[in-house]
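Trainee: Take a look at what Swiss-Prot says about it:
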{"type": "ACT_SITE", "residues": "95", "note": "active site, charge relay system"}
{"type": "ACT_SITE", "residues": "135", "note": "active site, charge relay system"}
{"type": "BINDING", "residues": "85", "note": "heme b binding site"}
{"type": "BINDING", "residues": "188, 204, 205, 206, 207, 387, 388, 389, 390", "note": "FAD binding site"}
{"type": "BINDING", "residues": "268, 269, 270, 271, 272, 273", "note": "NADP(+) binding site"}
{"type": "DOMAIN", "residues": "1-136", "note": "domain 'Globin'"}
{"type": "DOMAIN", "residues": "150-255", "note": "domain 'FAD-binding FR-type'"}
{"type": "REGION", "residues": "147-394", "note": "region 'Reductase'"}
{"type": "SITE", "residues": "29", "note": "site 'Involved in heme-bound ligand stabilization and O-O bond activation'"}
């Protein structure tokens, strides 16, 4: 527990931190990577360059300071971050390194005096212990399951298939020939790439894009313009190549009984976690509505596969939006609507009792979806979303 003195000091200095903005976390990361360059093998340096990770950490620090007297309010954020940390295999020692550089950053930017530094050090220590304990629980849970493991495990690429103009699926099988641990539909897999093409080890998380299989994992990756790892996977990773994987993780997953109505909404490569959910609903009794938005048929991944899943079940329905259909794309056959997703078209599905809505896609798309869900009266506790990359509130 934090002392009252520490709480008051953190509250008093929080406005100064907030006023500084992401400059604080920029200084922190620059300092940490200078003194501990080995951490460049852990952090996504692309997110450092575009500022996303710096903004995410700054927002987390501000949220912690704002809720210093109400830590339970942070449990949702802690769960999300803890899962991501286990995919990076974060250790207790690394928390100590981060704490050292965070306190040094506050000292160098503000020179607030030892009392303030001690208060922030105490506050950081309490939060770090919360993460360390939760992450240890996740590590142990993963390792204790059948087919589970802790740390990294070697897999072989046994399948590679282009799903659209920009999305390719990769199927991995463990080289030891044993089973793989089960996961919850919507979770992701951590992939570790070491190549002489990269200055540092690169770690990425990709949503598992199929229902649970006994011996394999499938991810489906969009080729991002300028994306180091996505382009490497598309162009360089071939059948028979070996990679190291961390166990499945993530707090975005579907957990419903067979009588709960489900709506799955996605845009672009955001369909990967929702496809895993859809494949897992083949024995579902309640209505299932699939909504997907993409540019046109050239970008429409898993089109035939989803059609087969939906047409095989009377309780499933699919609606497709194309933003820029080609001359060959036929409305009513390839897609149903043009432009941006309008959830009023599925208002009846969203008005069902206890309907659970899962959505994923670009941040702007998810903000558009969340706004419509609120307008249609869907309770916030009944919709769930996933951001690819550092988390953003929609």
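For all residues, glycine too, the Cβ spot is worked out from N, Cα and C.
Have a look at these and tell me how they're positioned relative to everything else.
Mentor: Under DSSP, residue 95 (active site, charge relay system) is assigned to a helix (H, G or I) in the three-state scheme.
Sequence-distant neighbours of residue 135 (active site, charge relay system): residues of the same chain at least 6 apart with a C-beta under 8 Å from its C-beta are 82, 85, 86, 90.
Secondary structure at residue 85 (heme b binding site), as computed by DSSP, is helix.
Taken residue by residue with DSSP, residue 207 (FAD binding site) is part of a strand. The Cβ of residue 207 (FAD binding site) lies under 8 Å from the Cβ of 186, 187, 188, 189, 219, 220, 250, 272, 273, 276, 360, 386, 388, each of which sits 6+ residues away along the same chain.
The Cβ of residue 273 (NADP(+) binding site) has 29 other Cβ atoms within 10 Å, all protein chains considered.
Residues belonging to the domain 'Globin' (1-136) score a mean pLDDT of 92 in the model.
Secondary structure from DSSP puts residue 29 (site 'Involved in heme-bound ligand stabilization and O-O bond activation') in a helix.
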Trainee: Between the recorded positions 29, 95, 205, which lies closest to residue 269 (NADP(+) binding site), Cα to Cα?
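Mentor: Nearest in space to residue 269 (NADP(+) binding site), counting only the recorded positions, is 205.
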Trainee: Would you mind reading off the Cα separation of residue 205 (FAD binding site) from residue 29 (site 'Involved in heme-bound ligand stabilization and O-O bond activation'), to the nearest angstrom?
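Mentor: About 21 Å separate the Cα atoms of these two residues.
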Trainee: What's the number of neighbouring CB atoms sitting within 10 A of the CB on residue 85 (heme b binding site)?
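Mentor: Other Cβ atoms found within 10 Å: 21.
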Trainee: Taking the Cβ of residue 188 (FAD binding site) as the centre, how many other Cβ atoms fall within a 10 Å radius?
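Mentor: Residue 188 (FAD binding site): 27 neighbouring Cβ atoms within 10 Å.
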